[in-house]
């Protein structure tokens with residue numbers, strides 16, 4: 001006959017005025033746990049340990065409820081929750097908080113990326129927003145920012161025609177775009193625009209005269225053919 005041994009007591013209940021304990025049996029999985037009436041059990045030590053732990057758990061639960069239910073603790077928890085929520089909101093930029101762009105206050109470079117300092121409608125807070133994101137989410141605000149900083153200049157160039165240039169204001173942290181008349185060199189980083197009155201000479205240039213040949217062939221009329229063709233090989237003449 002199989003012998004069952006109690007490993008531990010896991011729960012307690014009262015059914016029809018009778019106390020029952022939920023038992024874990026040694027050598028069996030928890031799926032084999034059973035409810036047994038107290039009068040059928042012979043494990044007083046296990047029951048005593050369970051009752052002691054049950055009593056301690058009730059005291060701890062009561063203490064937590066008592067502490068958490070005071071007005072001061074409620075206000076403290078609410079303040080902590082609101083502060084955490086506010087800090088989390090601050091980590092999000094305006095678009096992620098559902099705000100609408102109002103105006104770009106300036107521009108700067110951050111790790112090689114153009115960033116706009118964006119002001120939001122209904123908020124005094126401003127965020128740095130990537131220019132690429134701003135171009136997509138609020139293109140009209142970006143256009144307005146550039147238009148406010150465009151300055152056109154018209155003057156005389158060094159060549160024929162007028163000089164047209166456009167500069168972007170320095171307050172935006174941006175560079176400038178300039179142009180020059182015909183004959184001027186365009187500075188690096190700028191775009192040159194040539195006035196309409198400038199002409200380019202399309203005539204053919206004259207080819208340079210060919211250079212004179214270097215050196216000449218000297219001919220001595222006094223040298224006889226026989227003397228000029230004589231070989232200096234050290235051999236005596238036939239008459240010698």
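Glycine residues also receive a Cβ, built from the backbone N, Cα and C atoms like all the rest.
A quick note: this is a predicted structure, and the numbers were derived from the prediction, not measured.
As given in TrEMBL:
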type: DOMAIN; residues: 4-62; note: domain 'Chromo'
type: REGION; residues: 58-82; note: region 'Disordered'
type: DOMAIN; residues: 99-157; note: domain 'Chromo'
type: REGION; residues: 154-240; note: region 'Disordered'
type: COMPBIAS; residues: 170-182; note: compositional bias 'Gly residues'
Composition by DSSP (helix, strand, coil) of residues within the domain 'Chromo' (99-157): 16 helix, 30 strand, 13 coil
Confidence summary (mean pLDDT) of the domain 'Chromo' (99-157): 86
Residue distribution over DSSP helix, strand and coil in the domain 'Chromo' (4-62): 25 helix, 22 strand, 12 coil
